[in-house]
C-alpha cells in the first residue's frame with residue numbers, strides 16, 4: 001500500500017517531469033525530422049487542402065485552454081483562501097502552457113507539417129495525464145470535493161478527451177479519410193513562400209518548411225527590382241546546390257558526412273603537437289565554464305560576508321580576484337588563444353592551399369565555365385568551414401553548457417519558479433528573435449541591393465569617364481549616382497529601423513525576465529529564504545545568459561551563410577579533372593615532332609561535333625596553317641593537340657606516341673603556345689619572360705627578348721626589365737605584349753610551336769616586327785598556325801582549310817589558289833578581288849556605276865598583284881616574314897566572310913555616291 005506521502009511525492013515529480021519530457025521529445029523529434037529528410041525519398045505530389053490540420057489545431061487549442069482555466073481557478077482559489085498557490089501545480093500549469101503553446105504556434109504557422117513529433121508529444125502527454133489522473137483520484141477519495149476541485153476535474157476531463165481524440169485521430173485512420181498536407185519533408189527544402197520564405201528559412205536555420213518543390217530555380221527578388229545582382233545569383237546557386245546535395249544524400253547526417261573529404265585539411269592529421277593543442281583547448285573551455293559558475297557564486301559570498309561584521313571578507317575577495325583574473329583575457333582566454341591559433345590557421349592554410357592546388361589542376365573545360373570571381377569565392381569557403389567549426393565547438397557548445405548550468409543552479413538556489421522564469425524567458429526570446437530575424441530579411445536584401453547598385457553605378461561611371469565626356473553625359477552620370485546614393489540611404493534607414501525594433505523587442509523580453517527573477521529573489525530574501533549575496537549572484541548569472549541567447553538567435557543565419565560558402569568549395573573539391581594522366585602513363589619522349597590526327601572527333605557539349613573525323617599527317621619541322629571562318633574548329637584542333645580537352649574518338653599522336661598514353665605534364669613541356677590575346681602576370685617584364693623557363697639566367701632572358709625584337713624597347717623604359725606590366729599586361733601596347741609573349745615562348749625553346757592568331761589586332765609595322773620574331777621561334781620546329789589574315793600564312797608548307805569541323809581542302813598557297821575552291825574564295829575576298837563569275841554579274845549595272853566599278857576593280861587588281869609579288873618574294877619557314885602584311889586595310893581582324901560583307905557594303909555606298 002503506497003502511503004499518502006509517497007503518492008504526493010510521485011504526483012509532484014510527475015507534474016515537474018511532464019512538460020520537460022514532452023518538450024525534450026518534441027525538440028529532439030523535430031530536429032531528427034529536419035536531419036533525416038525521410039520523405040524526400042518519396043514521390044512528390046501536389047499539396048491538398050488542409051481540413052484535417054485545421055481540426056487538429058482547434059482540438060489542440062481546446063486542450064491548451066484547459067490549462068489556462070485551471071491556472072485561473074488556482075489563482076482565484078489562492079485569492080479567496082488567502083493562501084499561496086501550490087507550487088508544483090502552478091509551475092506545472094505554466095510549464096504546460098509554455099510547452100503546448102509552442103506546439104500550437106508551430107502547428108498554426110507551418111504550411112506543411114511533420115506529424116510524428118506532434119503525435120509522440122501527444123502520446124507522452126496522454127500517458128502523463130492518465131498517471132496524474134489516477135494519483136489525483138486516489139487523493140480526492142480521501143477529501144471532500146469543493147467547487148474549485150470540480151472545476152479542476154472538469155478541465156482535467158476535457159483535457160483527457162482532447163488528448164485521446166488527437167492520439168486516436170492522428171494515429172489510427174485520420175489520414176486515410178481526410179487528406180492532410182504532406183509532410184514538410186516531401187517539399188523542397190529551400191523553396192520560396194511569398195517571395196521570401198526560402199531566404200528566411202535558410203537564414204534562420206529552418207530548412208524544410210516550404211511548399212513548392214524546385215522553386216529555388218526561381219530567383220529571389222526584391223520589390224521594385226527585376227534584375228538579379230551577382231551576389232544574389234551566387235547565393236541562389238549556392239542554395240540550389242545545397243538543396244540538390246541534400247536531396248541526393250537523403251539526410252543531414254549524410255550531407256555533413258560529405259564534408260569528410262575535407263577532414264585531413266581541418267584536423268591536423270600529421271601533427272601530434274597540433275592535436276594535443278586542440279585537446280588542451282577543450283580543457284580550457286571546461287575550465288572557462290567552471291569559472292563562469294564560480295565567479296557569480298563568489299560575488300554572492302563576498303556580499304554576504306560584508307553583511308556580517310564578525311566575518312573577514314579578504315579571503316573571499318582575494319579568491320574572487322584570482323577567479324576574475326583567471327577568466328579574463330589575460331588568463332584562461334590567453335592560454336586558449338595561444339593554443340588555438342596554430343590549429344585554426346593550420347586548417348585555413350591547408351584548405352586554401354588544397355583548394356587552390358585542386359583548381360589549378362582541373363581541366364580547361366572547368367576554367368572556361370567558371371569566372372575567376374566564383375573560384376576566388378570558393379577558395380574563401382575554407383575560411384567559412386573554419387568559422388562554422390569554431391562557432392559550434394568554441395562558442396555554441398560552451399555557451400549552451402553555461403546556459404544549462406546557470407538554469408539548474410538558479411533553480412536550486414531560488415526554487416523551481418526561477419527555473420521556470422529562466423526557461424520561459426529563453427524560449428520566448430529565441431522564438432521572437434527568430435521571427436524578427438526572418439521579418440528583417442526583406443529590409444536586409446533591399447539594403448544590400450541598393451549598396452551593390454550604388455557601387456555598380458559609381459564604378460561604371462569612373463571606368464566610362466571617357467565615354468561620358470565624349471557624349472557630354474557627365475551630368476547624367478552625376479544625377480544617376482546621386483539617385484543611387486539617396487536610394488541606398490533610404491534603404492539603410494529602413495534596415496536600421498527594423499534592426500532597432502528587433503533589438504528593442506528582444507531587450508523587452510530579457511528585461512521582463514530579469515524583473516520577474518529580481519522580484520522573486522527579493523521576495524525570497526524578504527522571507528529569509530535567500531541572502532542578499534544570492535541576489536547579486538542572480539544579476540551576474542542573468543548577464544551571462546543574455547549574450548548566449550543573442551548568439552543563438554543569429555546562429556542559424558551565420559551557419560547558413562557558412563554552409564553555402566563551404567558548399568561551393570566542396571563542389572569544386574569533388575570535381576575531378578576531365579583530362580588527366582592515366583595510371584602508369586609513361587613520360588613523353590620527343591624525337592622529331594611528327595604529328596598525326598587520326599579520325600579525330602570532338603564535341604564540347606556532346607551534341608554537336610566541333611571536330612568531325614579529322615585525319616591529318618604533319619611531318620616533323622613542317623609549318624601547317626589552319627584557316628576557315630569563325631567556329632570552324634581551328635583553335636579547338638590546337639587545344640586538342642595540347643590535350644586541353646579529351647577527344648571523343650580517334651587518336652592524336654606525336655612521334656608515334658598517343659598523347660593519351662603519356663604523362664600530361666611531360667607532353668606540355670615540349671609545346672610552346674602564343675595565344676591571340678596572351679596573358680601576362682601583374683609582375684615585372686623579367687619575371688613574365690622567365691615564366692617560360694623558370695631557371696633561365698638574366699642573359700638568356702635578354703637573348704630571348706632580342707630574338708623577339710623587344711629588348712631595345714624594354715631598355716628604353718625607366719625601370720627596364722623591372723618594369724611592372726600591370727594586370728594582364730595592361731601597361732604594354734598590343735604589339736609589345738605580343739612580343740613579350742613570343743620572347744617567353746622563345747626562351748622556353750619548345751619542340752612544337754602553336755600560334756593562335758599571334759598577329760591579330762596590331763598595325764602593319766608592329767606586325768612586321770612580330771612576324772620577324774616568329775620566324776626565329778618557328779625555324780626548324782613543327783609549327784601549327786591559326787590565322788584569319790591569309791597573307792600571313794601564304795608561305796606555309798601546308799594550308800588546311802576547315803569548315804564545320806571538317807577538312808575540305810589542303811595544300812600550299814599556289815595549289816589552293818589554282819584549285820579555285822574555298823581557300824581561293826576566302827583569298828579573293830581578303831584581297832578585294834572578285835572571281836570571274838561575280839564580275840560577269842556586274843554587267844547588269846548601269847553604265848555610270850559600271851565605269852566607276854571597273855576603275856576601282858583595276859586599281860584593286862593592281863594592288864593585289866603587287867601584294868602577291870611582295871609576299872611571294874619573302875621566304876619564311878612556314879610563316880610570312882611580315883612583308884605580306886603591307887596590304888592596306890583599315891578594318892579590324894575578323895574572318896573573311898565578315899570582311900566580304902563589310903567591303904560589299906562599302907562598295908554599295910560608293911556606287912550610290914557615284
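Glycine is no exception: its Cβ is also placed from the backbone N, Cα and C atoms.
These features come from TrEMBL:
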TRANSMEM  16-37  transmembrane segment
TRANSMEM  58-80  transmembrane segment
TRANSMEM  86-108  transmembrane segment
TRANSMEM  120-140  transmembrane segment
TRANSMEM  160-182  transmembrane segment
REGION    192-234  region 'Disordered'
TRANSMEM  392-414  transmembrane segment
TRANSMEM  420-438  transmembrane segment
TRANSMEM  497-523  transmembrane segment
DOMAIN    595-829  domain 'ABC transporter'
REGION    838-914  region 'Disordered'
COMPBIAS  838-847  compositional bias 'Acidic residues'
- Message: Counting only residues 6 or more past its boundaries, what in the same chain has a CB within less than 8 Å of a CB in the transmembrane segment (392-414)?
- Response: 281, 285, 288-289, 292-293, 297, 340, 422-423, 426, 517, 520-521, 524, 530, 534, 537-538, 541, 544-545, 547-549, 551-552, 555, 559
- Item | Recorded stretch, among 16-37, 58-80, 120-140, 420-438, 497-523, maximising Cβ pairs under 8 Å relative to the transmembrane segment (86-108) | 58-80
- Tertiary contacts of the transmembrane segment (420-438), as residues 6+ beyond its ends and Cβ separation under 8 Å: 91, 94-95, 98, 102, 105, 200, 203-204, 206, 403, 406-407, 410-411, 501-502, 505-506, 509-510, 512-513, 516-517, 520, 545, 549-550, 552-554, 556-557
- For the domain 'ABC transporter' (595-829), what is the mean per-residue pLDDT, to the nearest integer? 86
